[in-house]
Each structure stands twice: as C-alpha cells, then as structure tokens.
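For reference, TrEMBL has these:
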| type | residues | note |
| --- | --- | --- |
| TRANSMEM | 6-27 | transmembrane segment |
| TRANSMEM | 39-60 | transmembrane segment |
| TRANSMEM | 66-86 | transmembrane segment |
| TRANSMEM | 143-163 | transmembrane segment |
| TRANSMEM | 264-282 | transmembrane segment |
| TRANSMEM | 288-308 | transmembrane segment |
| TRANSMEM | 329-353 | transmembrane segment |
Amino acid sequence: MLTGGKTNQLAALGIYLCWEILLLLFYKHYRKSKDGKWVFYLVSFLSLLPIIFVKVQPAINGTQSLLGFVGISYLTFRSVGIIIELRDGVIKDLKMWEYLRFLLFMPTFSSGPIDRFKRFNENYKTIPERDELLDMLAESVRYIMWGFLYKFILAHILGEILLPPLKNLALQTGGVFNYYVVAIMYTFGLELFFDFAGYSMFAIAISNLMGIRSPINFNKPFLSRDLKEFWNRWHMSLSFWFRDFVFMRMVMVMTRKKLFKNRNVTSSVAYIVNMLIMGFWHGITWFYIVYGLFHGVGLVINDVWVRKKKTLNKERKKAGRPPLLENRWAQLLGMVITFHVVMVSFLIFSGFLNDLWFKK
C-alpha cells in the first residue's frame, strides 16, 4: 500500500489517522470525567464517517472516494472498538503511541484478523519464553506452508482457472438460473475460503515471527452443524466484533427500552439488523445487502429450530424417549445442510447473479 507511487493512498491514510487521533484524544479526555451517551454516539459515528464516505460514494456516482485506502475497513473496526471499550471501562489508560502501534500493526493492517487493543497490548508487552518462541516459529512455518497451498495453489486454480470459463458458459447459456451457476456457486465459495483463509494464515505467521500472537480467523467453518456455529468459525474476528459491539448492544438497548415483550423477537430483530449492517459494510449493492439479510433470516430460523428442538427433547425425556436429532448422523446432516446454505449465500455475495440477471 505504501509503495508503487500510490501517494494518494498514503495521503488518505495520513488524513484518516489525524481524524481518528483527534477523536480519540477528545473522547479520552471527556471520558475521564463524564459519560454522556450522546457524546459517545456522536464520536462513534464520526469515527465511522470515513468508511461511510468510502462505501457510499461509489454507490452514488460510481467513483471511488479519495479517502479510500487499502485497510481502511479494518482500521475503522479497531478505532471504533477502542472508543467503545473506553466507554465500557475495558481500557483504563491509552497512550497515543500504543494506539498507533495497535492500529498500524503491519501483518494485520490490510485485511485483519481484527484484534482487540487490550489483548494485543498485553501480548505485545509479554516477551515469550524460549520454548514458546520456538513453538511460535514452528507454527509460523506450518501457517506459511498451508497459506501458500490455500492462496497460491487452491485459490488460484479455483478463481483463475476454473471460475472464468464457468462464468462465460453461464452467461452464454443465460436465463434466470442454469447448471453452470451451480458450478460457479461451489467454485466461488471454495475459492473465497481458500483465498481469505490463506491470507489470514500468512498474517498470523508473520505476527508469530514478530513475537506476537494474532487471533485465528477460520476454524474449519465447513464442518459447522448450523448457521450460528458457522459464524463462530468463519471470519471469526469480524463476526465476534459484530457480536460484541453490535448484536449484544442492540439486544441490551431493546431489552432495556422494552421494545418487544418477547425476548426471542428481540434477538431475531438484532440478528437481522446485525447481519444487514455487515452486508452494507461489504458494499452498498443489492447483492451484499441481500447476502446480509439472507444470513440474518437464516440465523433467526436457526434460533427458532434450536428452541423447538430443545422443547421437543424435554418432552421426549419426560416420556422416557431418546433425544431427537442428537446422533452423529443428525450432526452430519446438519453439516451438509449448513454447507449448502452457506454456498447459496456465497453465490449471492459473488455478485455474479447481478451480471446474469442484469446484462448490460
């Protein structure tokens, strides 16, 4: 990002950092004596303002914002996370050089994983023992090897060799849907995983070589038995950020204000809004927004099913009957269903349906 004569991106980064530093200095000073919620909301919104400009401008006039640079999304997550944790009292003291060190940590700068300040800072200050450092070195080698396989071999085969001809065949065949679209769905979904998981492995490996552990981002997501488990395994640092800073706070606010009598309705609304926000974060296009809505509704259905199964199993237990769908075959069925549901969502996310349905 900082090479190749891209001075506009470097300038955008500088402007962004100055903006976020001013906001942080103000809120840090303000928080020492006061805790007004509207000031907190305003500072959080102002911290989000650069990424809002970057996402909204292309949707309005089709041009990229001059404020954009590689990594702005992930820097924004860290910046807003710090403001929230200052308000919560999780962060008691914050030195500016510690803030910049956390924000600009090179291995995770452009695409995560998204770390939390307190964990990162404590880990940074802890010097690993010799044996731990050797373990981290060995782990780095493994991550680099797997990352190379994932990103430069498997993702390349899927994304550069298989996907383009499949897209051409699907577009030539036309229609609302055809068999080639199914092939694109699986090819793109797997390419997305191997590309992003491979990058994350490189980021974690380089972090380890610097003596700092970064959080893992993927934990065998395609072995998930339901959609909720999937989001506990897929792009974990992002999903946990949204869970802690968006979903849980929406649930608390709606519960405190008693917007809904039923807490299940509260959680359902929070699921949908949370995932819609995640969809908008990816970009202001119909397929990203539908992708977010798809997962929001999917999580609601998942929640309804889990509650229903729990009720049924309580009744079966009272009747002396074995629990419903608790054996390994049921778990395998859950994995198969979840995998295909996720693949459908990735087809939406890919944007290919936009090319197929709205040919120029």
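Every residue, even glycine, has its Cβ placed from backbone N, Cα and C.
Using a Cβ-Cβ cut-off under 8 Å and counting only residues 6 or more beyond its ends in the same chain, the transmembrane segment (329-353) has close neighbours at 167, 170, 181, 184-186, 188-189, 192, 221-227, 229-230, 234, 282, 285, 287-288, 290-291, 294-295, 298. Within its own chain, the transmembrane segment (288-308) has Cβ neighbours under 8 Å at 226-228, 231, 264, 267-268, 271-280, 282, 341, 344-345, 348-349, counting only residues six or more beyond its boundaries. For the transmembrane segment (66-86), the list of distant contacts is 1, 8-10, 12-13, 15-16, 20, 23-24, 27-28, 31, 40, 43-44, 47-48, 50-51, 53-54, 94, 99, 102-103, 108-112, 114-118, 238, 241, 245, 281: same-chain residues at least six beyond its ends, Cβ to Cβ under 8 Å. Counting same-chain residues at least six beyond the ends of the transmembrane segment (264-282), those with a Cβ under 8 angstroms from any Cβ of the stretch are 51, 55, 73, 238, 242-243, 246-247, 250-251, 254-255, 288-297, 299-300, 303-304, 307, 349.
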